[in-house]
Amino acid sequence: MSFEQQYERFINSYHSLEHNTQGEPDSVVSLAKWRILNRLHDRNETLYYRVLIDNIKDFAPIIYTPTVGLVCENYSGLFRRPRGMYFSAKDKGEMMSMIYNWPAEKVDMIVVTDGSRILGLGDLGVQGIGIPIGKLDVYVAAAGINPQKVLPIMLDVGTNNEELLEDKLCAFVTSTVEHTQINVKFYSFFFRRKKRLRQPRLEGEEYLAVVDEFMEAVHARWPKAIVQFEDFQMKWAFETLQRYRSRFCMFNDDVQGTAGVALAGLLGAVRAQGRPLADFTKQKIVVVGAGRMPGTHKIGELGEGHNQFWVLDKDGLITKSRKDLDPAVARFARGYGPEEVEDLHEGASLVEVVKKVKPHVLLGLSGVGGIFNEEVLKAMKESDSPCPAIFAMSNPTTKAECTPEDVFKHVGENAVFASGSPFSNVTLSNGRKGYANQANNMYLFPGIGLGALLSGARHISDGMLHAAAECLASYITDDAIRKGILFPSISSIRHITARVGAAVARAAVDEDLAEGCPDLDPRDLRSMSESDTVDYVARKMWYPVYSPLVNDK
Ligand SMILES: NC(=O)c1ccc[n+]([C@@H]2O[C@H](COP(=O)([O-])OP(=O)(O)OC[C@H]3O[C@@H](n4cnc5c(N)ncnc54)[C@H](O)[C@@H]3O)[C@@H](O)[C@H]2O)c1
Ligand SMILES: O=C(O)C[C@H](O)C(=O)O
Ligand SMILES: [Mg+2]
C-alpha cells in the first residue's frame with residue numbers, strides 16, 4: 001500500500017470509530033480515540049506523526065489536554081506497550097549506566113515529571129508519564145523534533161495519593177529502559193520490569209539527590225539536550241528551576257511557558273480595548289490561584305512598580321498581613337502603594353474582590369472547576385474595561401474556572417475569553433462568533449525548546465523567554481483582536497513555532513548564549529536576518545516521510 005492509502009485507511013477507521021461511538025459518554029469516546037491513535041503510534045511512527053500534523057486541531061485534544069488527563073488517571077489500565085524511561089529512587093547510583101543504555105544515540109528533547117501535580121488533577125504518581133509523552137508528541141508535531149530523539153521521563157519518587165498506594169493493578173507499570181523504534185533500520189525493545197515505588201513521596205535532600213543524579217547523567221551523555229520540567233508541584237518546580245537553570249539547558253514549562261502565554265493573552269486584552277500596549281500598566285488584573293504566580297514576575301515588572309495584581313489563593317485575597325506569606329508571592333500581596341483599594345481585607349472572597357476592584361482581567365490558574373460562577377461573572381460585567389477579559393486557564397476541561405457560554409451570557413457579548421483546554425466557539429445573539437481562545441503553554445514550549453536547541457544555547461535566559469512571549473503576542477493582527485481572537489488557531493502551530501523558535505534563537509545570539517549546533521556556527525546565526533532565521537528554523541524541522549532503504553536507480 002502507498003503511504004496515501006495507509007493514511008486514508010487510518011482516517012477511515014477513525015471516522016468509523018466516531019460513528020460507532022455516537023451517543024456514548026464523552027470519556028468513553030475520548031479514550032477510544034486515544035487508544036486508536038496510541039496503537040498507530042506504537043506500530044508506525046511516520047504515519048502517526050503525519051496524521052497528527054495534518055489534523056492537529058482535532059487530535060491535540062486527544063493526545064494532549066483534556067484527554068491526556070483522563071489517560072493519566074487510567075494509565076495502568078490503558079497500558080499496553082512501554083514508552084519512556086523511569087528512574088526510581090532505587091536506581092540511585094545506576095542512573096548514569098541507565099542513561100548510557102538508552103538505545104538512541106542522540107536525544108534532543110526530554111520532558112521530565114515526577115507526577116506530583118498532573119494538570120489540575122493532583123498527584124498521579126507514575127501514571128503521570130502520559131504528560132511527558134503527550135508534550136513530546138506536541139514537540140514532534142509542532143517543532144518538528146525527530147521522534148527518535150525525544151525522551152519522556154518519569155522520576156518515580158513515590159506518591160502521596162492514597163488510592164494509588166492501595167491500587168494493586170498499578171504495581172507493574174514501570175520499567176527501567178523501554179524503547180520501541182519502528183520504521184528505521186532496526187527495531188529495538190529493551191524492557192526490564194520493576195515495581196514502582198509504593199511509598200510516600202521522598203522529601204528534602206533525598207528527593208533532590210534523585211533529581212540531581214538524573215540531571216548529571218543526562219548532561220554527561222547528551223550535554224546539548226533540552227530538559228523541560230513539567231507538572232512538578234509548586235515547591236519543587238521553583239526549587240529545581242533555581243537549582244538547575246544556570247547549569248543546564250532546562251526550563252519549567254508550567255512556570256515559564258505559562259507566564260509567557262499569559263503575558264501574550266494580557267497584551268491581547270489591552271489591544272482588544274483599542275488601547276496602546278503602554279496602557280498595560282493601567283490594567284487591573286485579578287489572579288485566582290497563586291501556584292504559578294511567582295513565574296509571572298516578568299509580567300509584574302512590566303507594571304513598573306505598580307502592583308496591578310490582586311492575587312487570591314484557597315484562603316482568599318493575599319495581603320501583607322497573610323500569616324506565613326510565601327516570599328515568592330509577597331511582591332504581589334496587597335497592602336502598599338497609592339493604587340490600593342483600601343477596604344479589601346486579608347482573605348477577601350473572589351466576589352468581593354471583583355466587585356470592589358472592577359478588574360480589566362480575571363485570570364484563573366486555580367485548578368478549581370466552575371469557580372468563576374454566575375455571581376463572579378455578573379460582577380465582571382461592571383469591569384472598568386469595555387471588553388472584560390476572562391482567562392480560565394486550568395486544565396483539563398473539568399477544572400476550567402468557567403465556560404465560554406457562561407462568559408458571553410453573564411459578562412456580556414463584548415467580553416473576551418480564553419481557556420487552557422479547548423472549547424467550541426459560541427454563537428452570539430446577533431449571529432456573530434464569540435471566540436473561545438485556547439491559552440495554553442503549547443503555543444510556547446515547542447518554540448522555546450526548538451530555539452534553544454538550534455542555537456545551542458548554554459542555558460535558557462529570561463530574555464529568550466521574553467522574546468518567545470513577545471513573538472506570540474505579535475502574531476495576532478489588529479483585525480483578529482477586534483473580533484476577540486487573542487491566540488492563533490492551533491492549526492497554525494508549526495508556523496507559530498518556527499517564528500517563536502527563531503525569536504528564541506536570536507535572543508540567545510544577542511545574549512551571547514548561543515554555541516551553535518553541529519551544522520551551524522553561531523556566527524552564521526548572528527548574520528541571518530529575522531526572516532532568514534525563521535526559514536532556517538522551519539527547514540530544520542523533521543517531517544514524517546518514509547526513508548527509502550534502497551535508492552531508486
Ligand atoms: N493553560 C496553561 O497553559 C496552564 C499552564 C500551567 C498550569 N495550568 C493549570 O493551572 C492550574 C493550577 O496549576 P498550578 O501548577 O498553579 O497548581 P498549584 O497547585 O501549584 O496552585 C493552585 C493554586 O490555586 C489555589 N486555589 C485552590 N483552591 C482555590 C480556591 N477555591 N480559590 C482560589 N484559589 C484556589 C491554591 O491555593 C494555589 O495557590 C492547573 O489546573 C493547571 O492545569 C494551565
Ligand atoms: O498540559 C497542559 O495542557 C498545560 C499545562 O502544562 C498544565 O499543566 O496544565
Ligand atoms: Mg503542565
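Cβ atoms here come from the backbone N, Cα and C positions, even for glycine.
Listed in TrEMBL:
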type	residues	note
ACT_SITE	Tyr64	active site, proton donor
ACT_SITE	Lys135	active site, proton acceptor
BINDING	Arg117, Asn395, Asn440	(S)-malate binding site
BINDING	Glu230, Asp231, Asp254	divalent metal cation binding site
DOMAIN	41-245	domain 'Malic enzyme N-terminal'
DOMAIN	255-509	domain 'Malic enzyme NAD-binding'
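TrEMBL feature annotations superimposed on the structure.
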residue	record	DSSP class
Tyr64	active site, proton donor	coil
Arg117	(S)-malate binding site	coil
Lys135	active site, proton acceptor	helix
Glu230	divalent metal cation binding site	coil
Asp254	divalent metal cation binding site	helix
Asn395	(S)-malate binding site	coil
Asn440	(S)-malate binding site	coil
Candidates near ligand 1 among the recorded positions Lys135, Glu230, Asn395, Asn440, judged by a Cβ under 6 angstroms:
Asn395, Asn440
For Lys135 (active site, proton acceptor), list the number of other Cβ atoms lying within 10 Å of its Cβ atom.
27
Close-lying recorded positions around ligand 3 among Tyr64, Asp254, Asn440, where CB distance stays under 6 Å:
Asp254
Residue pair Glu230 (divalent metal cation binding site), the residue listed as 'active site, proton donor' - Cα distance, angstrom, rounded:
13
Within 10 Å of the Cβ of Asn395 ((S)-malate binding site), how many other Cβ atoms can you find? Include all protein chains, please.
24
Protein Cβ atoms within 10 Å of Asp231 (divalent metal cation binding site), excluding its own:
24
The record lists Arg117, Asn395, Asn440 as binding (S)-malate. What's the largest Cα to Cα distance among them, in Å, rounded to a whole number?
16
Filtered binding-site residues, from Arg117, Asp231, Asn395, whose Cβ is under 6 Å from an atom of ligand 2:
Asp231, Asn395
Under 8 Å by Cβ from Asn440 ((S)-malate binding site), counting only residues of that chain that are 6 or more apart:
Thr65, Val261, Met393, Asn395, Gly420, Ser421
Around the divalent metal cation site recorded as Glu230, Asp231, Asp254, what other same-chain residues have a C-beta within 8 angstroms of the site's C-beta center?
Thr113, Arg117, Ile118, Ile131, Phe229, Phe232, Ala237, Asn252, Asp253
Given the recorded positions Tyr64, Arg117, Asp231, Asp254, which one's Cα is the least distant from that of the residue listed as 'active site, proton acceptor'?
Tyr64
Which one is it, among the recorded positions Tyr64, Asp231, Asp254, that lies nearest to Arg117 ((S)-malate binding site) by Cα separation?
Asp231
In whole Å, note down how far the CA of Tyr64 (active site, proton donor) lies from the CA of Asp254 (divalent metal cation binding site).
15
